[in-house]
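Have a look at the structure below, then the notes.
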């Protein structure tokens, strides 16, 4: 028993020793498969030499010997020290400088003891790759500093240099500034961002551009404000399409000008274009900054896009309105709401898309935030593409509108009054000038942007070279070498930027010129008189149709007092809007209006029976009165004759005068032609009419009327009555008989009967009475006479046989008369 116990103890000891040795070997193999347990994989055998420099990049070294075996580009310590000074140019990249200092010292001045030098670890090498990407991009890493060399940079090794504390921190050389905001870092230079002031322009150029913007922005602001104020001062007459579209266009440019001029408020420019770390705002909106940049962008961009889309609506409205000249058709009726929907929604969608992609950038030269200062493809897609589309569509409608006006002026000269023709000429001239300016400004804008697009890459390359040159200045200071002169070789032209801004501000000024007319002066004159409570002496432009409508609306008052005068408010008076040449028709009222016409408008309306009460009939006694529902169907409400028809009527009338004999003798000798004589009107209290060749009978007719008055009035013969009551449709040919019988006679007053009823007169009692004088019907029995109505005499073909009190006759007479106000 005792002999077996020592043997078991010895066996256990040997098993423990074997297990420990196996674990150590396995650990060595796992950590470094290419090494053995007997080799130190974190060190490399070499010859050590005494350090000549006790510091590395400003930090003291805790050892006394080193080796140059790791720095393949240096054969002596002097060369190694010089190379370190050249690498010190990375001091201008703070985040790179913080991680590359230990690596450089571990390679150029490593610790060497007992013939072995310490190797830098793989982790120390990899830590420099991302922060120092500018080295890889500009010059590339040398072979002895590439992390792919596993023998040079083994894993898991501790280095004496890593324990050093470097007391020098990185800095950003102008035009870069130090920042911890990653979004502000300049490409490949982590820790530095571009300064707020654009480095491509000098301070003097900044001041020059700011003064330029202040001048033209103020001019645009004042011009557009004057236009808006002019529209608002006479809004009742100005709020008409298409002219009111210019109000919205000027409103857009007015708001945009406010966005441009906001930078001149105290401290506003730095708040708009600069971040809190004094770097330029790029890629807005961001969660760490204020919304001042975004607000200015929305004001400028949204108003600009809305203004150019309103321009398309303006040209379309011009085109459709010009096509409808001379007609009562309102082409824009019901479409204006769509104008607003399209014009305000499309810029909103574009604005939201830009903000969603964070493509709002600031520019210290212009002092605003806009899209595409950094990535020009966004400016091309969100600015140039919409403006180009607008240019094509708006130009098409503008050209068509001018062609329409030219066609009206050339093909229909007889339709135009002298004033309308003058306005068409003026409008075509102004449209031509406006179109030329609009196309010119847009083409200038395109040219300036193309200039930016084609030269952007060269400007960026020049700026990058300038940044590297500034880094070399730091190296020159460290190595006591000549300091290079750094300058940006290729810079954008300030003149091109001014031209681009002029095209934008010039467009706003051009839009405001539409109110630079004489009508605007009159508007402000009336406004001033209205403010001070004084009435102006300007002749009022009152449309005759409005005057007649006013008299008709006051018919009850005028019936009681026929001598009452009408008063017209400013709402009835039709002043010319501020946009002269846009809102006009071919028959608009003239300023020179006869005062006598205006004073007698009530009598003229009364003459047409407009103010007669409903229970008064103009039918003489013995004529059946039609029911009100039938009577209303036959009144002719309006009579509108085109200029061509008026010319044809005058020519036809002239030919009749040449063929038809004149004078009383000729009429008596020609039984086929008889003139109608005027009898006293049955309408009570109708005003007497002035002498008129088309309305009042001649003197010889008046004398004949006095002689035969008793014979001509059917009401004086009560024996002429129908023997049996007849239905109204059978008695009145205008409703029954004539409704189904075609007649060449025009519609007359429904309260009179027509000559065409003679076929149904067998229902009336016959009489042997015959009228005397020239109105005696030769060879006609009394039974064939139209009894119970005013005598109507057969006339020559083509002449109307209706009463003189007919609305149609009166209207035709005045429309066909050259001296008539109608």
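Keep in mind that glycine also has a Cβ here, set from the backbone N, Cα and C atoms.
Relative to the membrane, residue 241 and residue 502 are listed by Swiss-Prot as lying on separate sides. Of the candidates 425, 472, Swiss-Prot marks one as N-linked glycosylation site, and that one is 472. Annotated range for transmembrane segment in Swiss-Prot, selecting from 382-402, 403-423, 529-549: 382-402.
It is 213-233, from the ranges 192-212, 213-233, 360-380, 570-590, that Swiss-Prot records as transmembrane segment. Look at residue 472 (N-linked glycosylation site): DSSP puts it in a helix. Here the topological domain 'Extracellular' (263-293) has long-range neighbours at 177-181, 183-184, 193-196, 198, 210, 213-214, 355, 358-364, 367-369, 373-374, meaning same-chain residues at least 6 beyond its ends whose C-beta is under 8 angstroms from one of its own. Sorting each residue of the topological domain 'Extracellular' (452-503) by its DSSP state yields 38 helix, 0 strand, 14 coil. Around residue 472 (N-linked glycosylation site), the same-chain residues at least 6 positions away in sequence with a Cβ under 8 Å from its Cβ are 89, 484, 486. Shown for the topological domain 'Cytoplasmic' (315-335): DSSP residue counts in helix, strand and coil, namely 9 helix, 0 strand, 12 coil.
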